[in-house]
Structures are given as structure tokens and as C-alpha cells.
Amino acid sequence: MGLEGVEPSVFVSDFLAKCGGYAVVDGGFATELERHGQDLNDPLWSAKCLISSPHLVRRVHLDYLDAGANVIITASYQATIQGFEAKGLSTEEAETLISRSVEIACEARQIYHDKCTKDSWDFLVDGNITRRPVLVAASVGSYGAYLADGSEYTGNYGDSVTLESLKDFHRRRLQILATSGADLIAFETIPNKLEAQAYAELLEEEGIDIPSWFSFTSKDGINVVSGDSICDCASIADSCKQVAAVGINCTPPRFIHGLILSIRKVTNKPVVIYPNSGETYDAERKTWVKSTGVADEDFVSYAAKWRDIGASLFGGCCRTTPNTIRAISRILFDKSSLTLSKADM
């Protein structure tokens, strides 16, 4: 799909219409790479595999396409020039790997479309098989993701980090991703208002003409993780013409309902929702642990409720799998299958 001068909001609206009114986003990427045997205890996290195992990156994209995803997100979340250089790579090598993350996703999409299997989620129109619309979203992780110290889950960057320093940090990666062939840019796990403002200003300053979405993270259902109001953060996204959707990712499912309602108060842009499994990330031990309090099991069954209160794009984040995405697809598009079993999770 190409923009060809179409306004970002119109582009995404047209895409959603072609998908049937709603779209399915993919799920946890590192989760699947680890299932394939990768050790991601590394400052580059899943971006490490762009160097060592690009074939597995492609495999995970294909697994999510087979599960019904309409949007596949690149393995560039923690792929920064600064991070690659810290591993001893040159600036040129780092830039090539960032661009390569998009190329791999586009290759997976082409392979999928060329070799669609009978159990894919392609659909019939007037008796003819129609290719399911698929967008490639170039992931931009927060500054905290680069730090690899868990600060994307707190939004506490310290007084030395300013609006200008954040723009300087993200600028070159954004330039690369915007010209890499991606259909949109996904600014993910945004932990504070400052970084959202930095992204909005960068999109304007760089004249980025492909759509983007801003996706925030919360740990209380009211604010983003830094304590900034979700309404204030969503308002920044609403005022930026390049932002075509606003939402929440890597947040426990029990908080999503209230966050959708808050976002809808300040924007009419499509809402994208891709929660984590409900577990909590322990930054010191670098592992996920079961949360206390309200259980988040079978969060896929919430998807219909989220749809009913205004969300338009649905997927999963950390600790979700292709089975999760397959179940979301069934909930959204197969009215005869409204009950999920444990086997679907």
C-alpha cells in the first residue's frame, strides 16, 4: 500500500475499511524468538537477531501472518545506531541493519502473499480470493529501551534528558525508517509526555509523510508510566497530523478498558491496542513475573469489549504469541466463534 499524497488519517481509515472495519496487529516478537532458541539477554534485545539470525526474524513475521495479522511490526524496537555502535559496528553498518529490519518484514509479507495456504485468513469476495491487507510498521522504541535498564517502564530519564536531546537521539533512525519502504511508523511503549512531544516535533521537522501511531504504556490505567496524564499524552498525538492512530501497548489487559475511554475523550483518531500478557517485567532480574491482583488470563476475550468502546486495531505485546493473535482474529471476524479455549492462548 502506498500513500501517494493521501493524508495519514485517510490512509489508515481506508486500510481499516479494506480489513473489514478492524485490523489485527501481531504479537510478542522477543517471546517468539526465544521460543526458537534465541538468548536475548542483550542490550540489543530482539534487534540482536538482525545481526545473528535474520532468518528467524522473517520466520516470526510469517508465523504472525499465518495467524491473521494485518500489521506486522519490525524488529527495530531496540535497533538504534548508538546501540549497534556500542557493539562495535560502524555507523554505516548500524544504519544498514535498521533499514534491513523493514526489508525482512516486507520480504515476509511477499512470501506470505505468494504462498498463501488454505488455512490462511484470506477471505472471499464474490467468490474470489482476495489478499488480506498487510501493512509493515517500522518500530521505534523509546530512549529507555536503548538504555536497556527498564526505564521505558518508568519514564524516568533524569534531568539531563531534554526535549532536544531526545530529538537528537531519535532523528537519524527516524529518517532511515521513513525511507525504508515501511507503510507506517510505530512509536511504541512511549513512557512520558516529553518523548511524545519529541516525536511529534521530529515528524514535523523532518517532513515525514508516511503515517505513524503513538502507543503509550501504563501501569495504573489512568496515567502513562511516568505519571503524566494519558489524556495529555494522547492530545499531543491528536494534534500531530502525521499521527494516524493513538493507543496503548505493553500494558496489563485489566487497564485497557479505562485507557481506551480516556483516549477517546481527546481524539477521534483510530485507537490501537496491544497489551502484554498481564505479567510484570522485573528490570533488575530482566524477567517477567506473574502479577498479583486481578487475573489477566484469556485477555483475548476482552477484544470484543474493547472494539465496542472504540478501539480499531488489536494485537499483543510481550509474552503473547501467534496463538493469541489467531484467537483475536476469530473474535473480531468470525461471529460463530465467540468462545475461546485455553488451547487458543
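Every residue gets a Cβ built from N, Cα and C, even glycine.
TrEMBL annotations:
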| type | residues | note |
| --- | --- | --- |
| DOMAIN | 11-332 | domain 'Hcy-binding' |
| BINDING | Cys250, Cys317, Cys318 | Zn(2+) binding site |
Chain-mates of Cys250, Cys317, Cys318 with C-beta within 8 Å of site centroid, Zn(2+): Gly28, Thr189, Thr217, Asn249, Thr251, Tyr274, Pro275, Asn276, Ser277, Gly316, Arg319, Thr320
All-chain count of other Cβ atoms within 10 Å of Cys318 (Zn(2+) binding site): 19
